[in-house]
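Participant: In case it helps, TrEMBL gives these features for our protein:
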- B:6-35: transmembrane segment (TRANSMEM)
- B:42-65: transmembrane segment (TRANSMEM)
- B:77-98: transmembrane segment (TRANSMEM)
- B:105-123: transmembrane segment (TRANSMEM)
- B:151-171: transmembrane segment (TRANSMEM)
- B:201-226: transmembrane segment (TRANSMEM)
- B:238-263: transmembrane segment (TRANSMEM)
- B:270-289: transmembrane segment (TRANSMEM)
Amino acid sequence: MPSDPQPILKVENLEAWYGESKALHGMNFDVREGELVTLIGRNGAGKTSTLRSIMGIVGNRTGSIQFRGKELIRKRTYQIAQEGIAYCPEERAIFASLSVAENMTLPPVLRPGGLSDKDLFEAFPNLHARRKSGGSKLSGGEQQMLAIARILRTGSRFILLDEPSEGLAPVIVKQIGTQILRLKEQGFTIVLVEQNLQFARLVADRHVVVENGQVVDTLTPEDLSADLDRVKTYLGV
Amino acid sequence: MTRTLWLGLLLVALIAAPLAIYPVLLMSILCFVIFASSFNLLLGYAGLLCFGHAMFFGTAAYVAGYLLKTYGVSVEVALIAGTLLSAAMGYVVGIISVRRSGIQFAMITLAISQFVYFLLLQAEFTGGEDGMQRIPRSTLFGIFDVSDHMAFYYVTLTVAVLAVAFFYRVVHSPFGEILRAIRDNEPRVESLGFRPERYKILAMTLSAGLAGLAGALKAMVFQFATLTDVSWPISAEVILMTLLGGLGTLTGPMLGAGIVILMNDELAQFGEWALIAQGVILLLVIIFFRRGVVGELSALWRRLRPSPDQNQDRG
């Protein structure tokens, strides 16, 4: 992948605020087509804020976010989504008043190449079994699958995933890992925020280490395995 | 299947009702059923608390009344004119207000409705403080004479059934799903690529149109239109109906409309006490029956029966 010099996402000097408090202090990193990049770091380091800033769901942000050559910093959230970035938030945000099927079919088809309802239910058979259930009645793992499934419908090929493994049983984490790898094989580009190192090192091409709202290091999977102790100090574990 | 049966029975009961009950009372309930449904579309489904819904209701009542008195248009023309004018008003109010939510949205809509109130108070054609009296019930489609209460009841019933069917269609459409999703979590809906304001403005337009239909119909039922129709107590009353019946339930606000109208009718002889009774009932509902009459009943129903969720899934 390093042979492809043009990153599709280029974040430069990104700063973000929630009201008075500053969450990002000049983030710099990029993501190339087809890559799976993780953002790792301590709680509160700014990983989630980075994803939210890319989507424009923060109070205020400055700097530059270029996606496929277009500047996103002045765009609104829905416009950013329409450019082809899909966001799956940590809290999953399943719509409680809608059924599973309604949640799944709600997102708009923004461009060709999205998965059809049939493909989605094939990829996530548990969701098919529960398609008539209310969105609030799902288990954590099912919610996570639904949250991932529904953004695949839009046709966006660039996905921001925030802690998909959080709070889930190991067997479910494994299932979700398999799904993520499958997406990568299908050519999706993925930015993954992850605390779970075991999970992160199984799937990622590159790890971007975030500390105090800045990028302090970039690691390859080999670095990660070779120098696990250093990485653990980054994570504070 | 049983639902079709119940709907059929209800329809038969509604058709037979004026034989037993005073038709004007029934018509008044039906008008407020439409009005409450229109409010429910906004608050129950889109999560927008409009505190000036009377402006759509009252303006349409005046416009329909004016057209009937001055030009003698037929019934359906007056209804359509009232509906369209209110829908247009709703569109404009929507553009101004939907960027805000919660209490700010409520206050902006209240302010606009007060503005409309004073415009109508000053306008010549409304008759000011006296209101607009002796609005004729003209012919339906220019042919049928529907001026007596019995005949007009069936016109009102038809319009109400169509309006409720329209409301049902809207809330069960993909558009209705998006509205509910916006109410649940607006930022999430936006990050999926929807522009929430567009959907809220459309909801506002549809809701205002339905409120206008109710107002125009009301002008013909009572044969007058007054400042009361555009005043804020009407806006408050429709909120009461919706909360009492059950917010966000399909039928709750309709039932709420019936309860409030009947209550007002029964308590009218006690003057000011009617308002006090309304207040006490609202308090009781808010404290003990948060989900409203229909909300509480369906919760009870669910508790008594095994969850349909689990049974239907395995099919």
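FYI, residue positions are counted from 1 along the chain as it appears here.
Including glycine, each Cβ sits where the backbone N, Cα and C put it.
Just so you know, TrEMBL annotations are computer predictions that nobody has curated.
I'm curious about the neighbourhood of these features; can you describe it?
Facilitator: Remote same-chain partners of the transmembrane segment (B:6-35), defined as residues 6 or more beyond its termini with a Cβ less than 8 Å from a stretch Cβ, comprise 53, 57, 149-150, 152-154, 156-157, 159-161, 163-164, 210-211, 213-215, 217-218, 221-222, 238, 241, 254, 257-258, 260-262, 265.
Within its own chain, the transmembrane segment (B:77-98) is flanked in space by residues 48, 52, 55-57, 59-61, 63-65, 67-68, 105, 108-109, 112, 116, 138, 159, 197, 200-213, 215-217, 219-220, which lie at least six positions past its ends and keep a Cβ under 8 Å from the stretch.
Outside the transmembrane segment (B:105-123) by six or more residues, the chain places 48-55, 58-59, 62, 89, 93, 96-98, 129, 227, 230-232, 235 with a CB less than 8 A from a CB of the stretch.
Here the transmembrane segment (B:270-289) has long-range neighbours at 240, 243-244, 260, 263-264, 295-296, meaning same-chain residues at least 6 beyond its ends whose C-beta is under 8 angstroms from one of its own.
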Participant: Six or more residues beyond either end and a Cβ under 8 Å away: which residues meet both conditions relative to the transmembrane segment (B:151-171)?
Facilitator: 11, 14-15, 18, 23, 26-27, 30-31, 33-34, 37-38, 40-41, 45, 75, 79, 137, 140, 144-145, 179, 206, 210, 213-214, 217, 220-221, 250, 254
